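Features of the protein shown, as given by Swiss-Prot:
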BINDING   G9, G10, G11, M12, A13, G14  FAD binding site
Amino acid sequence: MTQTLHIVGGGMAGSEAAWQAAEMGVDVVLHEMRPKVGTFAHQTGLLGEMVCSNSFRSDDDEQNAVGLLHWEMRAAGGLIMRMADKHRLPAGGALAVDRDLFAQSVTDTLTAHPRITIEYGEISELPASGQWIFATGPLTSSKLSDAIAAQTGGAALAFFDAIAPIVYFDSIDMSRAWMQSRYDKGETEEERTAYLNCPMDKDQYEAFIDALLAADKTEFKEGETADYFDGCLPIEVMAERGRETLRFGPMKPVGLTNPHQPDVKPYAVVQLRRDNKLGTLYNIVGFQTKMKYGAQAAVFKTIPGLENASFARLGGIHRNTFLNAPTLLDEQMRLRSRPNIRFAGQITGVEGYVESAAMGLLAGRLAAAEILGISLSAPADTTATGALITHISGGAEAKTFQPMNVNFGLFPPVEGLKGGRRGRKDRYKAYTDRAKRDWQNWLEAVKEPA
C-alpha cells in the first residue's frame, strides 16, 4: 500500500505541494489550522489566501527571474499559476490576481481532487514517522515553532527578521569602490579582500544622514512589535541617536585604505559583503531599514559607487519565522536530522508568493517520488527553481542567511557574455533560454521505479 503524504499548511507552498504530489499518484492529507486557529494577518480559512499584495510580480519570462519562475511552474502543471492565470487582472507586465476568486478556486480545486483530503486543525509537533512536508510560512504557530526550535536548536529559528539590501555586483562602480577587509585581516587573498568598500567624505556623509532622517518610513503592522534587538537596529534609528552614530558603527572608516585616493582618509565607509558563492550579489552591511522601498533606492544611490546600483532585494525589518536552511536542509528539502520531514515555502528562507509556491512544487514532487520509489534529483541550479533550492540548501552563507527572492544573481554565469549594464539584456535572455531547456530536461527525467 502506497504511503500517504502529510502536508502542513495550506498557503502557496502547501497547496502547490499537495497538488503536485496528488497528480503524481500519491494520496495526500493537507492539514490547515485555519479557521480553527487564526493569525493576525489572515482573514479567511481559504487555502492559498494572499495576505499581502495581490501581485505575482513580473510575468516576463525572458528578462525577469520571477517571470521565468512563472514559466517553469506553468510548464510543470502548477496549480498556483493556473489559478493565477484564470483570475488575473490588468496590471501591465505584472501578474496580478483577484485574491478572493484565486483563493476560492485553489480551495475548490484541492477539495475536489480525489487523492487529497483536507483536515482542519493545528499540528503542533514534528511526527517521528511518515512522510511530512511543513509549509507553515512566516506566521507558524507558537506551538509548532517551539517544536521546530527544539528539533533544530533554538538559534536555527529566527523570530525577527532584519534584512539588509542586496546589490548586484555588476552594477557597482569599482572606479570608486574597492575590495579590502579591515586591517587586511585574513590568511588568504580572498579573505583579505572579502568586503567591498564605498568611501564618503564629510559632506557626503552629512548629506547621507540628512536623507536618511528625512526619508519616508514604514509603520509597524498590527501584530508586530516596535521593540528592536540591538543587533538589528534600523540604520535610521541609529542615526536618530546621533549624527555620528553610524560613523562609529557600521560605517566606521578604520583599517581601510582607498587605492583610488591612498593619501585621503575617508570620513566614513559603507561596506558590502558577498552574499552568495558566485560573488554576483553583495549585501550592505548593517543597513537593515524600515524606509519605504522608493526612499531606500533614492537614499542608497547617494553612496559613492552605488549611484547606478541595481538591487536584488531592498531592506526591511519584520516578524518572520524561517529556518537557517543552509545548515538544516539537504537538496531534497529534507531536515538533515529528521529525513522523513521536508520544509517548503517561506519558512525555508525564500521570499514571495511565487518563490514559496515553487518550493512547494519541488517539495511535493520530491516527496512523491520518494514514496513511489522514483529516482528524482533536484533541478539544476541553471533553472530558477534549482537556483533557489541550491541557494537555501547550501549556496548561501549560513552565518548571514536571510530570506531571498529569486533573481539572476543566484544563477551561474553563462560563459562568453558581456558583463555590466550594457550586456544585461543579452545575458538575461541567455539565462532564461538555458533555464527553460534545463527545466524541460528535468521534467522529462523522472525515472520509473525499478
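For all residues, glycine too, the Cβ spot is worked out from N, Cα and C.
Cβ crowding, taken as the number of other Cβ atoms within 10 Å, peaks at A13 among the binding-site residues M12, A13. Taking a C-beta cut-off of under 8 angstroms and a sequence separation of 6 or more, G10 (FAD binding site) has the following same-chain neighbours: A18, L30, H31, E32, R34, L47, G48, L110, I118.
Each residue in I7, S15, E16, A17, L47, G48, A135, T136, G137, A344, G345, S356, G360 lies on the same chain as G9, G10, G11, M12, A13, G14 and has a C-beta within 8 Å of the C-beta centroid of that FAD site, without being one of the site residues. Neighbours of G11 (FAD binding site), defined as other CB atoms within 10 A of its CB across all chains, total 31.
Applying an 8 A CB threshold to same-chain residues 6+ apart, the list for G9 (FAD binding site) reads H31, E32, F134, A135, T136, G137, G345. In the shown protein chains, 31 other C-beta atoms lie within 10 A of the C-beta of G14 (FAD binding site).
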